[in-house]
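Enquirer: My questions will all concern the structure given below.
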Amino acid sequence: MADVVVGIQWGDEGKGKIVDRIAKDYDFVVRYQGGHNAGHTIVHKGVKHSLHLMPSGVLYPKCKNIISSAVVVSVKDLCEEISAFEDLENRLFVSDRAHVILPYHAKKDAFKEKSQNIGTTKKGIGPCYEDKMARSGIRMGDLLDDKILEEKLNAHFKAIEPFKEAYGLGENYEKDLREYFKTYAKKICPFIKDTTSMLIEANQKGEKILLEGAQGTLLDIDLGTYPFVTSSNTTSASACVSTGLNPKAINEVIGITKAYSTRVGNGPFPSEDATPMGDHLRTKGAEFGTTTKRPRRCGWLDLVALKYACALNGCTQLALMKLDVLDGIDAIKVCVAYERKGERLEAFPSDLKDCMPIYQTFKGWEKSVGVRKLEDLEPNAREYVRFIEKEVGVKIGLISTSPEREDTIFL
């Protein structure tokens, strides 16, 4: 059976800590979408680990880790991550169906961002997915056969010829790209496997599989705040498509949310707080992107968005992260509905334009940091937790009270 860990905001919810906290109980941990535009930060024994492509189970020696087919892979960045760990042989596997991000993709991404202003990381994620959908991409499995790779590269060079100058690729692009693959393919090829068959077999054997997503539900290409979204499907449903596991294999869906809201990049954010309180949340919560170091926009918890995300993912339980960041705040707001042109909205619309938050205010608490038992939380903190649980209609199974793995309340 497989369990899914999915972000139910705009990403950066703390999925890495949760996966790291529970990964020891699983045989496989699988990253199922996105690219190195996303990042997990894990604090283990006082040491901070920033992961961009590697599944969070790499810190457990007995855990097998898979990068599955819907992930787009920068071989350079993956090689750099691999070099930071030891003994990954027979513990890390990259799907032969996953698509390869080329240096050209990053150049195209940066070029398009100048006019579109979406707020992308300019890592080449979107253009790589474009080539995938156009059936012209290079897959990880192509790196295993020099002849096939050469054919794919020649087709790529022909396709981009009209755009080389616009994207600033330079006269030596073809030579440089061949050298690029020569440098990194040798390092990455031992990890490339048919992970789809591997996971199907593992599921049939009854092995435990944990599927972790990147970004968050509200960035989903189809169901998020379009066009300010990522280029992949970020919901729990995409875990099946990417891994080859059928929907019957899914057991628990754990939705991850912060006790407040953040968003990086452009796009609508109804509960954003543009006052010094937003700055306080950013500073205390260390809200800076793992990948880009960009400051995250901060605001209050949005229950309209949270209910929507829980429904989309079929969440069976929630993990409430960073409760301690709200410590010491006298009045804590929660967005319970939107108002748009005089109309109250309680359902999440396809377009958030002109949506203003309707807040309910709660009394704050002094301290929750480091608490590991529910009964040790102050009454106001417990009331806040129970209100969220009641309004969303999904059990909160875990509360995080600091970045440390052990500072976790299990309910």
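Any Cβ shown, glycine's included, is placed from N, Cα and C.
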Enquirer: Which of these, Thr230, Thr275, Thr283, does Swiss-Prot say binds IMP at the same site as Asp12, Glu13, Gly14, Lys15, Asn37, Ala38, Gly39, His40, Thr121, Arg135, Gln215, Arg294?
Expert: Thr230
Enquirer: May I ask which of the binding-site residues Asn37, Gln215, Thr292, Lys293 is closest to Gly11 (GTP binding site) if we compare their C-alpha atoms?
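Expert: The answer is Gln215.
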Enquirer: Can you give me the same-chain residues 6 or more apart in sequence from Pro295 (substrate binding site) with a CB-CB distance under 8 Å?
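Expert: Listed in sequence order: Val264, Arg282, Glu287, Phe288, Gly289.
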Enquirer: CA-CA, which of the binding-site residues Lys293, Arg296, Thr401 lies nearest His40 (active site, proton donor)?
Expert: Lys293
Enquirer: Going by Cα-Cα distance, which of the binding-site residues (Thr121, Gln215, Thr292, Arg296) sits nearest to Gly14 (GTP binding site)?
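Expert: It is Gln215, whose Cα lies nearest.
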Enquirer: What is the separation, in Å, between the Cα atoms of Gln215 (IMP binding site) and Asp12 (active site, proton acceptor)?
Expert: 7
